[in-house]
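Participant: This is the structure I have questions about; it appears just below.
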């Protein structure tokens with residue numbers, strides 16, 4: 001007679017069963033974050049492809065914006081709703097469209113659809129990095145780094161128009177449409193002179209410089225561990241030792257600049273810190289623009305330039321250029337406002 005001693009198997013709940021299935025090791029990991037990521041990414045991308053292929057912007061902007069109307073990849077866009085809609089979420093079943101899909105597209109309903117699902121998809125992707133990092137016992141710095149692009153997307157596409165009078169003032173989802181929005185930001189907010197924009201540019205370009213320097217330095221200090229004829233065949237992918245010399249790299253940059261990173265942790269943290277902080281700062285600046293905050297208005301130079309025709313600076317020339325952008329864009333974008341600029345604020349003929 002055999003007697004088995006042990007604990008009885010506990011009853012597994014529905015949550016445990018779902019958790020096991022979601023976090024199972026498979027070719028494409030799903031996880032709990034995937035419940036947010038995959039549906040939202042699918043709907044956002046599908047909405048954008050549908051809009052750029054078929055949907056006109058005639059009713060919202062008076063523009064052609066789809067492949068069907070003759071646009072190409074650079075000029076097609078999913079455009080924002082008209083200014084009359086305000087901040088309505090434009091649900092398909094809402095008061096505006098009343099379940100009519102064609103009318104919903106004409107009103108610009110695809111834009112909030114793509115913007116909101118796109119935002120949640122990006123957040124889902126960040127949570128995916130958190131979830132997988134936890135599973136394989138990694139620190140969560142990848143997810144923290146990805147918060148930079150998310151903060152920029154949310155601030156530009158959601159927070160900025162929420163601070164203005166409607167979704168109309170957000171960027172449309174298209175290449176040329178984004179360029180037009182950049183000109184709008186410059187003309188109405190003098191964005192290039194904003195210190196938060198400067199920090200964002202420093203972060204992005206500084207990160208590109210660091211990336212190029214780091215990649216070149218590692219390539220320059222690789223050990224010759226194998227007999228391969230080129231760099232990429234000279235190493236065993238399973239080797240345990242380092243593939244490049246930090247000491248040699250440190251000596252090189254110490255001679256070049258007089259200072260160099262002393263260890264890899266500080267080096268790679270700095271490469272993380274520069275771009276992410278730059279993106280965070282630029283997102284913060286856009287939140288300020290949503291509230292119509294100004295930065296670096298050198299009024300004394302403007303007054304002197306107005307009084308003395310021979311006095312001009314690059315700043316005063318840019319201010320006049322911004323006024324020209326506003327004078328053109330208001331008539332183009334907001335004809336319903338019937339805004340008339342007084343003569344004294346229009347660009348002078350010889351000023352540009």
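Here the Cβ of each residue, glycine as well, is placed from N, Cα and C on the backbone.
According to Swiss-Prot, the protein has these features:
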{"type": "TRANSMEM", "residues": "40-60", "note": "transmembrane segment"}
{"type": "BINDING", "residues": "117", "note": "chlorophyll a ChlzD2 binding site"}
{"type": "TRANSMEM", "residues": "124-140", "note": "transmembrane segment"}
{"type": "BINDING", "residues": "129, 142", "note": "pheophytin a binding site"}
{"type": "TRANSMEM", "residues": "152-165", "note": "transmembrane segment"}
{"type": "BINDING", "residues": "197", "note": "chlorophyll a PD2 binding site"}
{"type": "TRANSMEM", "residues": "207-227", "note": "transmembrane segment"}
{"type": "BINDING", "residues": "214, 261", "note": "plastoquinone binding site"}
{"type": "BINDING", "residues": "214, 268", "note": "Fe cation binding site"}
{"type": "TRANSMEM", "residues": "278-294", "note": "transmembrane segment"}
Participant: Can you check what DSSP calls the residue listed as 'chlorophyll a PD2 binding site', collapsed to helix, strand or coil?
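Facilitator: Where the residue listed as 'chlorophyll a PD2 binding site' sits, the three-state DSSP reduction gives helix.
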Participant: Please identify, from the binding-site residues 117, 129, 142, 197, 261, the residue with the sparsest Cβ neighbourhood, meaning fewest other Cβ atoms within 10 angstroms.
Facilitator: 142
Participant: State the three-class DSSP label for residue 261 (plastoquinone binding site), counting H, G and I as helix, E and B as strand, and everything else as coil.
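Facilitator: Looking at the DSSP assignment, residue 261 (plastoquinone binding site) belongs to neither helix nor strand, so coil.
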Participant: If you measure from the Cα of the residue listed as 'chlorophyll a PD2 binding site', which of the binding-site residues 129, 261, 268 is the nearest?
Facilitator: 268
Participant: For the transmembrane segment (152-165), name the stretch out of 40-60, 124-140, 207-227, 278-294 with the most CB-CB pairs under 8 Å.
Facilitator: 278-294
Participant: Determine the Cβ neighbour count for residue 214 (plastoquinone binding site): the number of other Cβ atoms within 10 Å of its Cβ.
Facilitator: 16
Participant: So, taking each listed stretch (40-60, 207-227, 278-294) in turn and counting its Cβ pairs to the transmembrane segment (124-140) that are under 8 angstroms, which one gives the highest count?
Facilitator: 40-60
Participant: Measure from the Cα of residue 261 (plastoquinone binding site) to the Cα of every one of the binding-site residues 117, 129, 142, 268, then give the nearest.
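Facilitator: In terms of Cα distance, residue 261 (plastoquinone binding site) lies closest to 268.
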Participant: Name the residues of the same chain, 6+ apart in sequence, whose Cβ is under 8 Å from the Cβ of residue 268 (Fe cation binding site)?
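Facilitator: Spatial neighbours, sequence-distant, of residue 268 (Fe cation binding site): none.
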Participant: Give me the CA-CA distance between residue 117 (chlorophyll a ChlzD2 binding site) and residue 129 (pheophytin a binding site), in Å, as a whole number.
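Facilitator: About 18 Å separate the Cα atoms of these two residues.
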Participant: If I take the alpha carbons of residue 214 (plastoquinone binding site) and residue 142 (pheophytin a binding site), what is the distance between them in whole Å?
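Facilitator: The separation of the Cα atoms works out to 18 Å.
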